[in-house]
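Engineer: Take this structure, written in structure tokens, and hold onto it; I'll ask about it next.
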């Protein structure tokens, strides 16, 4: 069975080698299911991908080609992100083994065509992103015919110009379809009709001549159609082109588009053909006109089926010439919800407002409404069914006048007048008796008075300058007081039905303990606050933990400072060296002695040591063998180990002492070890040479035995006079021989 063991070994070695290659190319792939190799400058798919990887991110690299074998082993991939590379070609069987893949992103690459073979075996694929490539069409047939589980599809690019029949065959249901087709100039009718249902479709379409054919194909399948970047100038003859009922389209959105008066007039008529349409939306659009619409044609076409209209950030260049839309009344009677936001609206004529007989929701936030125009907008008998009104972020200044205006709304329940600058609040106001929700946040009111209606169930007065709250609001359930100046929590007696209160970011320091019931901790839930006594840890857990952390940090800081002052690091270092030394013999065997002396000196004294002392000793007869760190230390070995080994392999240790030596960190290491290894053995293995006069007190105090030796034993001192130097060398040689 030797060959079997060998084969297993080779397989394991190959796998290990592949994983090492992968780890080198992409370190985050090591032993994890998520492999993030994005933005790493890769020119290829890294080798070594295995079945354990479920998410592979190769986005923002320089990959140009996907090969057959690149993903062959990644059989458990759920998500493959290849966007923003330079991919121009993919081998036909590159995705053959990815039967579990659910997300594939090939967007923003250089694919000039799409091959159906790529996707043939992606049975589990749900999300496919193909936008931002260079293909001009989808081919003669459908690239997606095998993708039965596809949920979202994003395709198209600036060069995408043609959609043909059969391009979407095989797709039955999509949650979202996004087609970037700003330069689409050819659309074969029926191309999108094969998709049975699309919940949300976005299409960028500058050529409005194709809009009718596209809408006609989608009216049976799309629930929400969003058209972007289109310029609507010429009128259509029909949007449905003899399409049979039933229709599915409920919402139509125009975004970043431009429309003329002529088109609006015709569109308001044609949209009635889509009998299922309930919601119409325009966002960031430009109205090129002055409201000169064909009201006679619009009226003749009958009432609109649309119940919800949203106009957000609409720009009208000729706003100063805009008509009052007299005659549009027949189109608004069935409207249930109207939003006109961020569009510089300053009023709605009373004559028009009275025709919104069915409107329940009206949103005028972020406009230019002022109090003297508000009375015209909300006049008597206007908006008779209105229940919710949003007037936030306008230019209302008087709370009293605002309240008087909304009294004309007999069914009003919810009122949002936040982010208006009222500044003051009167003592008495008149409000609709039906009002239950009032938002007065960020209105600069300094106090609360009986102007606040007692019928409220929800009151928001956050972000004002309130210092107290004492109103009697018997029906109030929710109270929002955040970001004020409250010092005392409101008592519970004036608001007996209160369920929720928000008081964050105030200056609270007291509250009525008898009026509140504990909700947490669970052990005291339901008990009166006044009867509960919790520990500091239970009440201020984060504060206690923070204090402990600060205390521990300070203790560590003090210990570090003391360690530095009293050389604790040195003692620890020497203890370790001593423990290491204790494990070795007291003396090295004679056969291990390689040098007569290890020379410890400062780099600043190297000229004397290397050019004078070494020459004198190594050229003597017989010559002495000296160990110098520059010359004899083993390259690549830790310097401390080099020092210890050199001292142990030397018969003597020769210290060339000077002021430079005392200040040298590495000389201290050499002294340190000698302090343990040599002086503790009470032998004469250390030879001290004073290169210059130096006081024993200059030696660090922690080298107590070395200081004692300098005070009690003779050491050699280098003489400056030449006639005395001969004697110095003789004494040094004798010391080395002893």
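Glycine too: its Cβ is placed from the backbone N, Cα and C atoms.
Note that the structure is predicted; figures quoted are calculated from it, not measured.
This is the feature table in TrEMBL:
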| type | residues | note |
| --- | --- | --- |
| DISULFID | 29-35 | disulfide bond |
| DISULFID | 350-379 | disulfide bond |
| DISULFID | 429-451 | disulfide bond |
| DOMAIN | 593-736 | domain 'TIR' |
| TRANSMEM | 543-564 | transmembrane segment |
Engineer: I need the least crowded one of these disulfide-bonded residues (29, 35, 451), counting other C-beta atoms within 10 angstroms of each C-beta.
Structural biologist: 451
Engineer: How far is it from residue 350 (disulfide bond) to residue 429 (disulfide bond), counting Cα to Cα, in Å?
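Structural biologist: Each residue's Cα considered, residue 350 (disulfide bond) and residue 429 (disulfide bond) end up 23 Å apart.
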Engineer: Note down the number of other Cβ atoms within 10 Å of the Cβ of residue 379 (disulfide bond), including every protein chain shown.
Structural biologist: 17
Engineer: Taking the Cα of residue 379 (disulfide bond) as the centre, which of the disulfide-bonded residues listed as 29, 35, 429, 451 lie within 10 Å of it?
Structural biologist: none
Engineer: If you average per-residue pLDDT over the domain 'TIR' (593-736), what number do you get?
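Structural biologist: The answer is 77, the mean pLDDT of the model over that range.
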Engineer: Pop the Cα-Cα gap between residue 35 (disulfide bond) and residue 451 (disulfide bond) into the table, whole Å please.
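Structural biologist: Counting only the Cα atoms, the answer is 62 Å.
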Engineer: Suppose we draw a 10 Å sphere around the Cβ of residue 350 (disulfide bond). How many other Cβ atoms does it contain, all chains included?
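Structural biologist: For residue 350 (disulfide bond), the 10 Å Cβ neighbour count is 15.
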Engineer: Cβ distance under 8 Å to residue 429 (disulfide bond), same chain, sequence separation 6 or more: which residues?
Structural biologist: 399, 400, 403, 404, 451, 452, 453
